[in-house]
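Quick look at what Swiss-Prot annotates:
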- 1-406: domain 'Ketosynthase family 3 (KS3)' (DOMAIN)
- 164: active site, for beta-ketoacyl synthase activity (ACT_SITE)
- 300: active site, for beta-ketoacyl synthase activity (ACT_SITE)
- 336: active site, for beta-ketoacyl synthase activity (ACT_SITE)
């Protein structure tokens with residue numbers, strides 16, 4: 001079986017729109033959460049989000065394909081441009097090559113376009129008032145469809161949609177395809193737009209934070225006793241996953257090797273995690289490398305009352321006979337980017353591995369008793385990270401664990 005490495009990445013997020021900006025935010029514990037006037041005007045309880053701040057959108061007119069692109073696709077497109085440059089890939093190396101593919105998706109979908117179409121029909125303006133591009137803009141697979149067309153990808157081309165584990169599954173699936181020799185290189189990740197049309201669905205569940213609307217940067221507070229729900233976010237992220245010999249043959253810089261991947265199902269509840277599924281997932285990922293010590297664990301931790309505690313208990317069980325790793329929750333800075341959070345957190349972890357630090361879990365004023373003595377990093381901690389594990393979980397009991405080793 002082949003060895004699989006990461007040779008580049010690109011990111012659009014609430015804490016920065018490139019490697020340099022994101023690194024600065026991570027290292028200094030800077031929150032990307034802001035007040036949302038749109039959520040307030042929509043009558044929502046939660047009025048904070050991790051919005052994306054882009055100064056210009058000239059790229060939107062780059063190609064006729066842009067008519068089919070939603071904001072999530074645009075964020076993923078910008079991320080892929082960065083990733084190609086970061087991986088030092090030349091056009092002739094990835095275009096029209098059947099050994100190079102893309103797997104990228106969205107967890108939340110794009111309901112704003114469904115709403116636009118329905119509003120047009122209900123206003124009696126007729127079917128002719130509905131944009132013919134809505135069907136593509138609204139579908140979850142629009143991201144991989146648009147990117148594969150724009151970048152002339154000839155290999156695999158599809159989206160995975162598994163709630164907040166989406167881009168984690170995209171990465172894991174890409175890893176396995178390369179490991180078993182079916183592809184040489186895959187662009188993996190996803191995109192998620194930030195909109196009240198998506199946020200209200202979670203606000204209706206009372207899953208979002210609402211107690212810190214007047215102090216947005218304090219609203220995402222994983223492991224603090226006063227946490228009251230997650231903060232919705234979004235963005236784009238693409239990583240370049242490559243077969244080791246392929247990467248070496250072109251003298252590529254290698255950030256890390258993917259040495260473990262597992263995906264499991266709770267099979268228990270639609271919204272409340274079982275914990276057992278997470279334990280099995282981490283154990284299966286670790287089982288692929290015996291005598292492996294994990295230096296750092298980037299938790300799924302979203303700032304919900306129940307979910308954070310269940311994941312902590314799962315970590316305790318999974319590492320019961322091992323030394324517990326250092327832990328931090330980057331969503332305390334970024335908010336929850338839903339389907340793109342998995343690839344975002346792999347990128348955050350890659351930056352920490354490269355620059356020898358662990359980003360803090362911010363906003364912990366009074367730590368949850370169950371989180372005490374769990375090696376949770378609350379201030380930037382300087383440490384060489386050789387191996388790291390990242391968790392992504394989603395509604396319906398879907399779980400992903402990925403393990404990276406510094407190359």
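Each Cβ is built from the backbone N, Cα and C atoms, and glycine gets one as well.
Cβ-based neighbour count (10 Å, all protein chains) for residue 164 (active site, for beta-ketoacyl synthase activity) stands at 25.
In the three-state DSSP reading, residue 164 (active site, for beta-ketoacyl synthase activity) counts as strand.
Shown in sequence order, 164, 307, 311, 331, 341, 391, 392, 393 are the residues of the chain, 6+ apart in sequence, with a C-beta less than 8 angstroms from the C-beta of residue 300 (active site, for beta-ketoacyl synthase activity). Per-residue pLDDT, averaged over the domain 'Ketosynthase family 3 (KS3)' (1-406), rounds to 96. Its own atom aside, the Cβ of residue 336 (active site, for beta-ketoacyl synthase activity) has 28 Cβ atoms within 10 angstroms in the protein chains shown. DSSP classifies residue 300 (active site, for beta-ketoacyl synthase activity) as coil under the three-state reduction.
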